[in-house]
Amino acid sequence: MKFENCRDCREEVVWWAFTADICMTLFKGVLGLMSGSVALVADSLHSGADVVASGVTQLSLKISNKPADERYPFGYGNIQYISSSIVGSLLLIGASFLMYGSVMKLISGTYEAPSIFAAVGASVTVIVNELMYRYQICVGNENNSPAIIANAWDNRSDAISSAAVMVGVIASVIGFPIADTIAAIGVSALVGRIGLELIGTSIHGLMDSSVDTELLQTAWQVAMDTPMVHSIYFLRGRHVGEDVQFDIRLRVDPNLRIKDSSMVAEAVRRRIQEEIPHARDIRLFVSPAPAAAARA
């Protein structure tokens, strides 16, 4: 982590997002109804889904903090992928309803230009949601939290959708009343895409997809640079929520005693954790190198 208080931010960030989402839902909903902007009303429904998403994220973070037990010996970290998939599903469902309503409105031709105040409201929400995105993506990346990262992208999608609403409202006011409805369709397509991406990422995590090649190379290099390590014949890694888990099988000098081999393994574990802060579960299997290979 870049800063010591990144861990503290992890506990606070979702509450800030939850509060901001509630305020934005009410703000956009009321202003959308008063100004007659169907796109802004639809955007308020998107923010309403954000409120639910923030609540799900907060719950998943609490559960993922629980220590491993007999029922879940590998811990509760993967709950964050489930949380991320729920957020993605909410976005996808909301986008589908928004798309349907907007297309029906476009087909029927029942649209009219909203008040310019809708554009003012949309611009405020763009700023708020972009700030929340930047805050959450920083905390999520530093803590390696898929749930917080998913919530951050939820806010980014809200910021982009509000920007589309703002453009649509302005175009409607200056003489293109259909633009507000078209903006709503564009918003729904964007939100749906983000939802699908979050669901895809969650599936990869739950299916134990491999960590990035760069992380594997880092772990391999750190292990090989450890004194008395002769070679590595097996290495794999996966994400478990915020943590990274490695399985490493290495060979050491065949002349080492069992106690010394254990010390080498512990040195490898410590050095990898220093280099990769989120590598909290490292399984090491040590065996002696063949005598001929060791002499070579």
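Count begins at 1; order follows the chain as displayed.
Placed from the backbone N, Cα and C atoms, the Cβ positions cover glycine too.
Relative to the membrane, ARG10 and LYS105 are recorded by Swiss-Prot on the same side. Mean pLDDT for the topological domain 'Cytoplasmic' (1-12) in this predicted model: 63. Under 8 Å from some Cβ of the transmembrane segment (165-185) lie the Cβ atoms of residues 35, 37-40, 42-43, 98-99, 101-103, 105-106, 111-116, 118-119, 122-123, 126, all in the same chain and six or more residues away from its ends.
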